[in-house]
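A short worksheet on the structure shown next.
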Amino acid sequence: MAKKVRVRFAPSPTGGLHLGGVRTVLYNYLFARQQGGDFVLRIEDTDQSRYVPGAEEYIYECLKWCGLQPDESPQAGGPYAPYRQSERKDLYRQYAEFLVQEGKAYYAFDRPDELDSMRERFKTAENPSPQYDHKVRMQMRNSCSLTFEETERLLADNVPHVIRIRMPENETVTFTDMIRGEVSFHTELVDDKVLLKADGMPTYHLAVVVDDYLMKITHAFRGEEWLPSSPVHVLLWKYLGWEKDMPQWAHLPLILKPDGNGKLSKRDGDRLGFPVFAMNWTVPGTNELTKGFREIGFLPEAFINMLAMLGWNDGTDQELFTLDELVQKFSMDRVHKGGAKFDFEKAKWFNHEWIKKSEVGRLKPEVRKTLEQQGISVNDDVKLETVIALVKERCTFIADFVEQARFFFQTPQQWDLDAIKPKWNEAKQAFFGDVINYLQQQTNWVAADLEHGFKELAAAKQIKPGEVLLPLRIMLVGGKFGPGVFDIAGIIGKEETVKRVSNLLGQL
RNA sequence: GCCGCGUUCGUCUAAGGGCUAGGACACCACCCUUUCACGGUGGUGAUACGGGUUCGAAUCCCGUACGCGGUACCA
């Protein structure tokens, strides 16, 4: 029987959740759901100096908003708890010690300043960043260069030390990446990575292997930036004796900045005027706020859809997918190898499409909330629904409903008079006087009838409808936008329509 | 520097030996609309370069260039 699929998203809680992070979550989630597997959230907080309060809660909130909730997590618990690496601290040391006994790792007592001076000493034009590897190993203070007795004494004296992997000098590590196929590395070019830090915490390298093993992870997806350290991980799986349980790796392509090249960063978003984080993120302490997709009015459906298409497609021309469709159709072998530049214009298009295709009921709570935040009170539920249905196709963001729907609920306070004043005359003034009379006589307030009557009246006065339609719009709406004027009149009602017309007529 | 990974319209991408290299975003034009959108039609626009293999190459192989990633007691 095949092993049950288990995947994990393993962020370190140091700040806002980046687009690329959400995409990694998404691919994990899609794969797990499709395979009937489990999706685990594991918090990789092994660097205590980078602890940021609130960052972990923020991640849960993001996943919740996106609808990508984990089956197991620090919050939800699960059979492999705890899911926070800081709470698993005591677990890791034994594995590192085991590797030392096996001769696959060693103690290193070098102080930070000694490491610096080593790097300084070996630095040349051809080798600008010397590594701690087999070439310098014997010149450093570690259990390879020191005698057994010396090492024992240092350990007994509690001299701060780390445990480093001892990279072999002449091997080739090869594995099959689900996206890239076979990749290989020469071990003599990889450094002796620290496995266990002086504070007793594991580094990512040790923790990811131990926890993936203990948590029975079958497929490990992560960003491409991890590819260069993958030989360390593969070797660790082997040295720990777990080779047959090693997950299948998939290194996802990066999301790049729209201009120039390089990984998309928060800075690029600030610079170019779009969000990079899923939700608003406030840096504790400085209170510096970074805008999120949620807050600028993205629908999670659109956000997810857009992210899914950044590096994957189903081979057809289809671009709009629901989460369920993605679960069905997603496949790792259709994931791109190359990085994708993020295009905010295209992201906006996805959101616009989703607003258009969403049911009124889906939009209603969010639209109501946004309108009310702007001081527009919405008491008539049916009217709100009618309005949403009428204007949603002209909204790219939820916030656009403010402009597009405001005049249905509030009398305009400002009018684009420049649009009508230059061509205004006595005849039009008189005509609108007649319009008011006409409107007041109506007992059956229906848009189509109003339009018909209005045009007949204009014809009777020898006025072309085009001459007076725009003025009417300005009177009702305030500006040159919105749905058909008579639809608007139909919705706001007789009293309000008459009021708006006569109100502005007095100002012309 | 070294190692690894990449490279099709400006952007996201399709086409995994046979095509006038397809779609979408953006842009432009026209139509619809006597507003703004939506919608419709059309247009500009790409296989990084050089060698092979082949009857035939965007597709396979080898170089070159360029880009990115990594080279931390960060993840």
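Note: Cβ is positioned from N, Cα and C throughout, glycine not excepted.
Annotated domain 'Glutamyl/glutaminyl-tRNA synthetase class Ib catalytic' per TrEMBL: A:4-349, in sequence order. The average per-residue pLDDT of the prediction over the domain 'Glutamyl/glutaminyl-tRNA synthetase class Ib catalytic' (A:4-349) is 96, rounded to a whole number.
Per TrEMBL, the feature motif ''HIGH' region' maps to A:11-21. Across the range of the motif ''HIGH' region' (A:11-21), the DSSP-based residue counts are 3 helix, 1 strand, 7 coil.
The motif ''KMSKS' region' feature in TrEMBL is assigned to A:263-267. Here the motif ''KMSKS' region' (A:263-267) has Cβ contacts under 8 Å with residues 16, 18-20, 225, 254-257, 276-277, 290, 342 of the same chain, all six or more residues outside its ends.
Mapped onto three states, the DSSP output places A:LYS266 (ATP binding site) in helix. Long-range Cβ neighbours of A:LYS266 (ATP binding site) (same chain, at least 6 residues apart, Cβ-Cβ under 8 Å): A:GLY16, A:HIS18, A:VAL276, A:PHE277, A:THR290. According to TrEMBL, the ATP binding site annotation covers A:LYS266.
Annotation source TrEMBL lists domain 'Aminoacyl-tRNA synthetase class I anticodon-binding' at A:371-503. DSSP labels the residues of the domain 'Aminoacyl-tRNA synthetase class I anticodon-binding' (A:371-503) in these numbers: 94 helix, 0 strand, 39 coil.
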